[in-house]
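The ATP binding site annotation in Swiss-Prot covers 9, 10, 17, 89, 90, 91, 99, 124, 125, 126, 127, 128, 129, 130. Taken from Swiss-Prot, the feature substrate binding site applies to 9, 41, 74, 88. The feature site 'Transition state stabilizer' is assigned by Swiss-Prot to 17, with sequence analysis given as support.
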């Protein structure tokens, strides 16, 4: 059985994240989607909120389980979950180079775990949570980029109800 871990900040979860999770679900027997905390980022939503958005967006995919493990090293979590693959989404060459570095470090820390990079479709290749939050701050409709609950919560959080 191949178990994959798809970690992310998901602040908030985007259609690109959902696309990556769905692709992973087609490739692996079990996929853990985990809202984690990157200590170099400042978050708009709590870990609980980010997890709830992911659970809602992915609820109809039977081999995906959404968890919240905000502060843990990814490879340690992969071992806890018995995952032998870490899945990451890649939108562009900058993402690729960043993920290549992280994959190298992870391989050193956990030689038994492989990283699989899944490339986004052209429709999602420019969608970044940070960009979507910026659009929403200026009262732009971001519903085409986010799952429904995440879009509504973002609008409410920024008081553009």
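Note that the numbers count up from 1, one per residue, in the order the chain is shown.
Cβ from N, Cα, C; glycine included.
Sequence features annotated in Swiss-Prot and their locations in the structure.
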| residue | record | contacts (Cβ under 8 Å, 6+ apart) |
| --- | --- | --- |
| 9 | ATP binding site | 35, 36, 37, 38, 41, 43, 50, 129 |
| 17 | ATP binding site | 8, 10, 54, 57, 89 |
| 74 | substrate binding site | 5, 7, 36, 86, 106 |
| 88 | substrate binding site | 6, 20, 99, 102, 103, 115, 116, 117, 118 |
| 90 | ATP binding site | 96, 99, 117, 118, 119, 120 |
| 125 | ATP binding site | 16, 91, 92 |
| 127 | ATP binding site | 14, 15, 16, 91, 120, 145 |
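A count of other CB atoms within 10 A of each Cβ picks out 129 as the most crowded of the binding-site residues 41, 99, 129.
Residue 88 (substrate binding site) carries a strand DSSP state (E or B).
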